[in-house]
Amino acid sequence: MSQVASHGRQYPPQQQQGVHYAPRGPAIFREQSYGYSNARDKLMKRRSVRHVELQQGNLVLDMPAPTHITNGQTSEEMSKVRYTAATCDPDEFVRRKYSLRPYLMGRQTELFIVMTMYNEDEVLFVKTMNAVIKNIGFLCGRNKSKTWGPDGWKKIVVCIVSDGRNKINARTLKVLTLMGVYQEGIAKDTVGGKDVTAHIFEFTSQVMVSDTGEVSAAPCPVQILFCLKEQNKKKLNSHRWFFNAFGPLIKPNVCILLDVGTKPTGTSIYELWKCFDKHSNVGGACGEICVDTGRGCSLLLTSPLAASQNFELELSDHLTILYQSVFGYISVLPGAFSAYRYKALQNGPDGKGPLASYFKGENLHGGGVSEAGLFERNMYLAEDRILCFEIVTKKREGWILKYVKSAKASTDVPTTVPEFISQRRRWLNGSFFAALHATVFMYRIWTSGQNFFRKIWLQIEFIYNAVQMLFAWTSLANFYLAFFFLVSTATAPGENDAFNFLHAGAGQKVFEVLLKFYIAVIAIVLICSLGNRPQGSKWAYVFAIISFGLCNVITLWCAGWTIYLSVPHTKEGWANFNGLLKDSATFRDIVISFAATYGLYFFGSLIHCEPWHMFTSFLQYLFFLPSYVNILMMYAMCNLHDLGWGTKGDNGASKDLGGAKKIKDKEGKEMLEVEVPTLREDVDSVWQASRSVLRVKPPAEKEHRDAATKQNDHDRNSRTNTVLAWLGTNMAMIVLFTSSLFTDFVAAHFSTQGGAFNPYLSALFYALAGLSAIRFTGSVLYLLMRLFGH
């Protein structure tokens, strides 16, 4: 019988019969927390001094795991927690002769999975961790696979990197304690006078833990490496520990990146791995990121903001990413759920390459004075986009990036306006400048190892991306001009006024009020974006979102009214449909553009057999669409100088763990003197107390945010210049295309027999229709290639 199967049967019952849980509430929570504090204090007081030998000059301890989870196991990896106190930079980990269990056991690692976290609570951590364990269980259940099977877990290492010992959520730490991965009382501040930079715990866990402290048998053992960084040095530093410190020892085939809070579905990790196994030239891959909509899609019904983001993600998955996958270059593999071939990430002999470029951003955002300009520092806010570009353009190698539709992962999205705006600020600034970087350096395609036809193919994609970037830059003007022309056309004096149902001639008054109101709301957003954080101007932004949403509703009404006036109202009139398209410029332009955007959205979703978001989220997306342009872009551009990542750097270390002193024994051999727990009952008591604390939910607490970091004058000046250039471009377009000079030019040079006609609006609609058609064509090609196994 396989080890996995016997392992599951031997696990004891997860809770005793007749045990009654105390009612949940603040009082019982304090009582349980007090019990945990007592157990921890008792363990700390009863620690004993031990003299341990240095292992290659480093402090390494093997401590007994709690009896509740060892299950009578005698193998060291399942019965003892290995603790390593690292006193070096991640890049020096191997050079300083540190080691890891999989390396010492000579195991060949196929998958190396990293979960990065900051202060996420136990609910988010458990959601991701348990999903990963179930995915590993699926791999171990593939008995006919050449790679996987009952012992497949030995080829997988799960690495959890937490950003800052004083930042980690205390309840999440208790979940790790229940899994056996973390143990109180053994970590040290210093080793031989050197500050510890990371506390590394290794354990092969046999259990799954719920967010309420329920412990059950895992489908298979899981090798877990928990790296608790002493200081909060941000996500890039966490990835540097993963790639540069642990990667050279683990030497995996494929690395999978996950954010805590992202939940891969049951077979997603296998689907990603299979893509690399099947296609030897794939350097990176990603799956579909979808919104965690809750039970019965309740979130879509209760949060219009979440519904709009759901539609946006589905639209990206069905069109944008698919066409990019066909070309072989996906502009961004989302860091929340993506995979890379370890070989493709390695730097060249000169030290330059994907990882070197990826980690360059860590120094730029380290908090000190940087020689890099604001452009470069904003670019590295989207470091995952830089990594994608570096892999595809890597010299003398021909890697491509691929989308794996069958690999899915759900994640939470912001449901409050301030959180939504703050998140998108970093996304938009990083992605725009990273796209600009890729466009400027697109010539590097020709120095890569791609074959000639792939280079041509990629060059076409980069040109397309440059056009998309131009539209993003002028999106503020384009949206306003579409609103201006559609509403002005539908409110022209006469019997065809779209607002005649109010009273005769009401359209002109409605248009005048709407125009001034639109500009006033833009001004409000501009002022708030320049001076306030979203958290401080929440209701101003809510007002702006509702205002722009209503303006868009009126714009769509005017567009529909214009189409209604342009079409025949008799059966005979529709008989000459081709002539209608030819003669009525208004009908042709609006109908074709709407069909090529919203029509392709629906048809693209239909051919993927996933049309439900069109019914549950489409209207919410239309309502929020103007805010994506007018608010998110405005706030992002006005805050280019704010390079914060949502967390504040931690440059100090609290000395509260005790140190390991160097001494010499009677024979003159160098030893370390450490205080560690020696009584098994104390370790078991802390384990039980951790479980009791998790059974009771803590009272809700309001989040306390740090004050905004002061920015230097140079950054603010650069921000101002960029905003002036962006607003100047958009305002110049608005002034030009709404001026009498332009309208007189149109009247003199264009025939308007088929109704009202505007060449700018026609060009805009056709351009948008063309861009949508290209994405749709790529989506269809992806389906055909997937059908034939490519």
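If you go along the chain as it appears here, the first residue is 1 and each next one adds 1.
Quick reminder: no glycine exception, Cβ is built from N, Cα and C everywhere.
Note that the structure is predicted; figures quoted are calculated from it, not measured.
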Open item on the list: Quick test of your reading of TrEMBL: among 1-20, 701-720, where does it put region 'Disordered'?
Closed with: 1-20
Task: For the transmembrane segment (513-533), sequence-distant contacts whose Cβ falls under 8 Å of one of its Cβ atoms, 6 or more beyond its ends - done: 418, 422, 480, 483-484, 487, 540-541, 543-544, 547-548, 551, 554, 630-631, 634-635, 637-639, 708
TODO: Report, as numbers and ranges, every residue of the chain located at least six residues beyond the transmembrane segment (427-446) whose Cβ falls under 8 Å of a Cβ in that stretch; write 'none' if there are none.
DONE: 331-332, 375-376, 378-383, 385-386, 389, 392-393, 455, 458-459, 462, 465-466, 468-469, 472, 632-633, 636-637, 639-640
